[in-house]
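Comments concern the structure below.
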Amino acid sequence: MAGGTDRRTRGPAARAAVTVRVPAKVNVRLAVGAARPDGFHDLANVFLAVSLFDEVTATPADALTVTCEGPDAAEVPLDRTNLAARAAEVLAARAGREPAVHLHIAKRIPVAGGMAGGSADGAAALLACDALWGLDTPRAELLDLCAGLGSDVPFSLVGAAALGTGRGELLTPVDAGTFHWVFAVADGGLSTPAVFREFDRLTAGTDVPEPACGPALLAALAAGDPDALAATLANDLQPAALALRPRLADTLAAGTAAGALAGIVSGSGPTTAFLVRDAAAAAEVAAALAASGTCRATHVASGPVPGATVLP
Ligand SMILES: C[C@](O)(CO)[C@H](O)COP(=O)(O)OP(=O)(O)OC[C@H]1O[C@@H](n2ccc(N)nc2=O)[C@H](O)[C@@H]1O
Ligand SMILES: Nc1ncnc2c1ncn2[C@@H]1O[C@H](COP(=O)(O)OP(=O)(O)OP(=O)(O)O)[C@@H](O)[C@H]1O
């Protein structure tokens with residue numbers, strides 16, 4: 001299938017294959033408001049893109065197909081529910097063409113782990129197809145298409161560090177120094193809608209405040225100060241994730257006992273994220289977590305890093 005189409009039929013700017021690298025995210029502040037009439041929740045969502053990457057390669061093909069490689073590949077749908085496939089479809093529809101492309105996903109981001117892995121592949125596929133088909137779609141339109149695919153997808157395109165408001169899709173860049181992290185991958189995933197539903201259940205009958213992000217967290221981020229950031233990390237979905245997966249408390253305890261400055265559930269979980277002082281501390285905490293038996297795998301990463309990027 002790869003290279004099976006004569007590239008001269010694709011226009012002067014078209015390419016034979018395009019690979020896009022795209023990062024995972026961690027939410028350093030996830031403030032969640034009450035459920036809206038449309039079922040979504042307003043957020044104050046401070047995203048940080050970290051150096052744990054998927055790669056999506058787009059190649060001309062007769063029809064839309066998806067393949068995936070990586071340790072969690074068996075859990076990734078290869079039909080049109082895959083966010084990468086949906087991205088190709090919406091971009092093709094906008095351009096008035098068929099989504100005739102093969103998408104290969106090299107997946108390192110945990111699946112259903114709260115690190116926006118599917119969203120990352122959606123943003124990457126959009127950028128890859130845009131380049132493959134020589135469309136040069138304006139950035140603002142790509143961001144609109146991303147928002148239609150999912151609340152986290154615009155951030156996967158943009159990367160670095162940003163505050164997401166609305167349902168998380170309205171982005172304002174924020175300054176951030178470099179921070180080092182260890183991620184502990186849990187056995188099995190958690191469904192994002194189920195975690196939001198559990199948040200609703202836990203907060204039923206209470207007055208859920210408007211979501212907001214305080215200045216202390218933004219100052220800590222801008223200063224690149226890990227101690228200050230550790231003191232302000234917060235995730236309103238954490239009680240819901242812990243209620244659905246109580247064993248995550250053991251992982252959080254193991255990471256902090258191993259010397260992490262702070263531990264938090266990443267987004268809707270069940271991946272847990274540990275902020276550490278530097279790369280050496282990251283290696284130590286990752287080894288201790290692996291030895292603790294409280295997680296399936298560990299990843300060391302740092303951020304901010306750029307969003308979806310076409311590789312040369
Ligand atoms: C938990 C986070 O990852 C934090 O960044 C995001 O809020 C989730 O973003 P996402 O996976 O892109 O979510 P979407 O695909 O937009 O929505 C999936 C489901 O999550 C819930 N959802 C999502 C975002 C939001 N602001 N409020 C919600 O209640 C809704 O039940 C929705 O049907
Ligand atoms: N490209 C993809 N990679 C992984 N999962 C995908 C993809 N496309 C669709 N899915 C489906 O989406 C579900 C959620 O997967 P994903 O890895 O995006 O979760 P997540 O990281 O928890 O998301 P988020 O952090 O944005 O809430 C999976 O269980 C899978 O069925």
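Cβ coordinates are placed from backbone N, Cα and C, and glycine is handled just like the others.
As written in TrEMBL, here are the features:
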type     : residues                                                         : note
ACT_SITE : K25                                                              : active site
ACT_SITE : D152                                                             : active site
BINDING  : P110, V111, A112, G113, G114, M115, A116, G117, G118, S119, A120 : ATP binding site
DOMAIN   : 82-159                                                           : domain 'GHMP kinase N-terminal'
DOMAIN   : 218-292                                                          : domain 'GHMP kinase C-terminal'
Cβ-centroid neighbourhood (8 Å) of the ATP site, P110, V111, A112, G113, G114, M115, A116, G117, G118, S119, A120 excluded: A24, I109, T271
Assigned element (helix, strand, coil) containing K25 (active site), judged by DSSP: strand
Spatial neighbours, same chain, of K25 (active site) - Cβ under 8 Å, 6+ residues apart: F47, L48, A49, V50, M115, A116, A120, D152, F155, S156, G267
In the chain carrying G114 (ATP binding site), residues 6 or more apart in sequence that have Cβ under 8 angstroms from it: L190, T192, A241, V265, S266, G267, S268, G269, P270, T271
Counts of helix, strand and coil residues, the domain 'GHMP kinase N-terminal' (82-159), according to DSSP: 46 helix, 7 strand, 25 coil
Rounded mean pLDDT for the residues that make up the domain 'GHMP kinase N-terminal' (82-159): 98
Residues near G118 (ATP binding site) in space but at least six apart in sequence (CB under 8 A): N82, L83, V111, G150
Contacting recorded positions for ligand 2, chosen from K25, A112, A116, A120 when the Cβ sits under 6 angstroms of any of its atoms: A112, A116
Recorded positions near ligand 1 among K25, P110, G118, A120, D152 (Cβ under 6 Å): D152
